[in-house]
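Worksheet: one structure, shown below.
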Amino acid sequence: ALINNSALDNCVFLGVEEKNSLYEDGDICVKGAIICILYKYSCTMTFAIKEINQRSDLLPHLKLGYHIRDSCDDIPVALRALLSFNSSNLGCAAVYRTVSPVIIGDASSGISMALLRSLGSFRIPLVSYFASCSCLSDQREFPTFMRTMPSDAFQIRALARLVSYFGWTWVGVIGVESDYARFAIQLFLQESVQYGVCAAYTHFYPVTLSQQALDKLLNMASSKVIINFSGESEMQGILKEIGRWNITGLQWIASEAWATATLLWEKFGDLLTGTLGFAIRRADVIPGLEEHLTSLRPSDIHKSGFLAEFWEETFNCRLNGSVNSHSHGVGNYLDRLPCKGTESLDDVYSPYSDVTQLRVSYNVYKAVYLVAHALQDMSDCKGGKGPFSNGTCADPKHFKPWQASRSVCSDSCPPGSRVARRKGEPICCFDCVPCAEGEVSNETDSLECTRCSEDTWPNRARDLCIPKTIEYLSYHELMGIMLCVVSVLGACISLSILAIFFTYKDTPLVRANNMELSFLLLVFLAVCFLVGLLFIGEPSDWLCRIRYPAFGISFALCISCLLAKTAVVLMAFRSTLPGSNVMKWFGPNQQRASVFLGTAVQVIICLIWLLTSPPHANNNTDYHSATIIMECVTGSEVCFWCVLGYIGILACMCFLMAFLARKLPDNFNEAKFITFSMLIFFAVWITFIPVYVSTAGKYTVAVHIFAILASAFGLLFCIFAPKCCIIILKPEKNSKKHIMQRDLIALLDVTVQ
């Protein structure tokens, strides 16, 4: 069934029967000047029904019929009209024909709410094409309500943004005394706060505007910008009074109910200059509608009192036997000339036949199709897969009212998705598109998804923003624990070897291998192992500024020690040659100085780095949007690679000298062990560079620590493991006689070669 508000639209009861009859009757009260528009909506409804009944792909075994009734913009009249047609469905006296328990209407939000509350226990579905109150979106209170008109929630949001865009922060907000205006103004006041817009005043005026009500309204107008939530007729009364008072310079913001009212613009165009507002969506064309509207002929006008009054008002004439006794147009009704019977709608302009602004008419058209598609879904339902208990289906010829309520062109889009309109199809036909990455929607049938803040991310259902996962290499995870244990173990081994060397410091093996530099190297290796701990844990600015310089300086110390030890081997060999006094120029003081001189260059690089663009902590969300990677960024990439490059230069020098000294006598010769350690060092760090560049997050840090530990262990075991093996397991070889005997043979071999 369909019921309309005569102040805006005509009302229609829509029925469903087998395809053997189409029936119609009318009992309509009308309101003069808008009679053309009312009849246009009725004819749009009949056109949609006719179009559906002629289609073979939609309801091929059913035929739609209708009853037309008018609510007269009055709740008691609307209820009386509804009950008169649904008495059989509501348990009252039977009527001669069964009426489909589906209502299309009312145009008024207030009347729609009254109908829904009165008929709520019967669960009769109601589809409105003009009721826009956001209150009707409450599915718990109005579970059987649907509409082809957008909720005011969207219009209000747009209006708040509009006034904010123009910098109007002090606006008057008025509306007719109705549920529509009351909820709209309440929503606007809530929404406008977000945009810094304040209401100079809010005022509700009665539907019937008395002189006293108009005077009170205009005396309140302390703002030049006024938003009015009302219909066309109320706005017409306000504009008349404004013209009489000669008030100018008002900036009107129109609600959708009067934003496109042609009569207002024709009569009060000078007062409405610059008016802004949002209109109801317009259909470019409904094929065949114009021909249907203009097909009305004089022979049809006596079928209904409504048609007779429409004809008389359109052509300003009087029909014989007309029940109409008053005029809504110009002049006295009794002074009109009789209608000739040759009148044609093609010869006059009428809002009725104007199809250039199909807005509400388009909503009526979609509402009829909504019901048709619901019935088609019922027809297509297969037993065992239906939406009702035990998978049953409804009979489209004999269905209960509530069975037509979850039947829609498209199912509602759940939270976590948004509505995507289908091009070229009615507005109630749409697809549900999941919210994009980083966006959520927590409402059903949301038109847009909202982006989460920088530190939050959608949950799996994408209906709630939750805190992002924070990632860094922690002491509490397995990888962090393992690296921590290995770092401490490496430092402990280094210190243990230092203790062994210190205990056996007077033995020939320890003394022959540059004891002081060996002690320094072991201490610096222990520091290198412990530097790995600086890379574990939550990054902070101070930790980042310690981490990289400590790494660079500790390895510079180690390689500088090795470089000094290798140089000592070469110098010692040269000092054994006749006439050579090289060793006096490279004694213990010079050896220590060379170590710290080699490290000083690295210290200078690190100081420049810290003073110009130091490393710092950073929250990285670029690699994985759902995760905040807490990391140390180098600050200056140039300085970072300079630190690594300098370590590489020292290592290359050390490798070259060790390679040259690899065949010298054993008591002097650590060179071959240093050569092996440098090869391991190069292999680790050459592999490190591509892996470091290609990983992200805590795995980058883990790769860096692994490179530090692997290279440190390589130095430790290659240089000191053979010596510890002799000191502990083969003490008989740790004697001066044994070493001198072996070195003499090796020296003769080198001399011969």
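Note that the numbers count up from 1, one per residue, in the order the chain is shown.
In case you wondered, yes, glycine gets a Cβ from its N, Cα and C as well.
Just so you know, TrEMBL annotations are computer predictions that nobody has curated.
According to TrEMBL, the domain 'G-protein coupled receptors family 3 profile' annotation covers 479-743.
Residues of the same chain lying 6 or more positions beyond the ends of the transmembrane segment (478-504) and with a Cβ under 8 Å from any Cβ of it are 510, 515, 518-519, 522-523, 525-530, 532-533, 536, 698, 702, 705-706, 709, 712-713, 716, 720, 723-724, 727-728, 734. The transmembrane segment annotation in TrEMBL covers 478-504 (among others).
Tertiary proximity for the transmembrane segment (516-536) is limited to same-chain residues at least six positions away from its ends with a CB under 8 Å from its CB atoms, namely 473-475, 480, 483-484, 486-491, 494-495, 497-498, 501-502, 510, 543, 546-547, 550-551, 554-555, 557-558, 561-562, 564-565, 568, 588, 591-592, 595, 701, 704-705, 708-709, 712, 715-716, 719-720. The transmembrane segment annotation in TrEMBL covers 516-536 (among others).
What TrEMBL lists as transmembrane segment is 548-573 (among others).
The transmembrane segment annotation in TrEMBL covers 593-612 (among others). Long-range Cβ contacts of the transmembrane segment (593-612) within its own chain (Cβ-Cβ under 8 Å, at least 6 residues beyond either end) map to 517, 520, 545, 548-549, 552-553, 556-557, 559-561, 563-564, 567, 635-636, 639-640, 642-643, 646-647, 650.
If you look at the transmembrane segment (638-661), the same-chain residues 6 or more away from its ends with a CB under 8 A from one of its CBs are 548-549, 551-552, 555-556, 559-560, 562-563, 566-567, 569-570, 573, 598, 601-602, 605-606, 608-609, 612-613, 669, 671-672, 674-675, 678-679, 681-682, 685. Annotation source TrEMBL lists transmembrane segment at 638-661 (among others).
Within the chain, the transmembrane segment (673-693) has long-range Cβ neighbours (under 8 A, six or more residues past its boundaries) at 562, 565-566, 644, 647-648, 651, 654-655, 658-659, 662, 700, 703-704, 707, 710-711, 714-715, 718-719, 722. Under the heading transmembrane segment, TrEMBL lists 673-693 (among others).
Residues or ranges marked as transmembrane segment by TrEMBL: 705-729 (among others).
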**Mean predicted confidence [pLDDT] for the domain 'G-protein coupled receptors family 3 profile' (479-743)** = 83
